[in-house]
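Peer 1: Feature table excerpt (Swiss-Prot):
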- 1-35: transit peptide (TRANSIT)
- 175: N6-succinyllysine (MOD_RES)
- 189: N6-acetyllysine (MOD_RES)
- 370: N6-acetyllysine (MOD_RES)
């Protein structure tokens, strides 16, 4: 009888949320002291209706990479907090990615620390995917890649966040000719200073259905001949698939040994820019007519697009990034170290480029397209 009564008491305590909270509070010594809640206690067999124990705040979730990260987190039963600044209709596509109550949408102000603190205070994981391809009068590259990530990292550290993941770029370099890449490098440093255990992800150019990489090159057919600096013979690219990057980020969240490391996410093959763009046009069944355009002239053309009131198709900084060879960083761990086999460009290019075809070739397969020529430099 005594044993049975004792087992009943134990079962009652184990199901009592108030008791769990009291125990968690009593054993927490020193700031920051965070209460244990149901979303942090894993249960279920896996899948969207389970609870993974991860409560993740994903900054930049409304962007290209963000939708894939949110989907992978939701698929494993994580609770995802999504800060947003856009119209509510622009986040509707994210709602089906998690079970009922698992996706929480909160408006935030990137320059308001109280707003940032509010969206990270209940999370044990914070992922920063905030990015911008061009500068605006409201946010320049220093704001987007340095000041905002620094504030998020500092406030996440103060809130007791266990894992912080910051997405930078493979070619981030303080000496780069690109202002974008220089600020990416500074952003890595300030994040590491504010959150020493941060995981820094350095992907190369990312391709996928909604990208500004393959789609950008493919859309050049509207202008006729394709301008490339030095015809693309001096630039080497190693693009990586967006799903691989997303899986790598989620696996880094689950890997206890990833803290404090930097990861280089790249595709399996390197291509000369000339061969890469030629392959893009072959898959899109478009006529490839390249011509060499000096970079100073390319920048002048880009300046015309910058002063347009519409979204710029090209900017001077993008011209610089387009013609920078992707770094080789063999000393850094990569996708393979997180259990992911990088996807070849040739397997997924058709998903991105089919929409650039004319109606005649819309349903054609890609067996007749020769794979892009790779290089080892």
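Each residue's number is its place along the chain shown, starting with 1.
Every residue, even glycine, has its Cβ placed from backbone N, Cα and C.
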Peer 1: Go through 175, 189, our modified residues, and report the one whose Cβ sees the most other Cβ atoms within 10 Å.
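Peer 2: The most densely surrounded of these modified residues is 189.
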Peer 1: Within the chain of residue 370 (N6-acetyllysine), which residues six or more apart in sequence place their C-beta under 8 angstroms from its C-beta?
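Peer 2: Residue 370 (N6-acetyllysine) has long-range Cβ partners 279, 282.
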Peer 1: For the C-alpha pair, I'd like the distance in angstrom between residue 189 (N6-acetyllysine) and residue 175 (N6-succinyllysine), rounded off.
Peer 2: 14
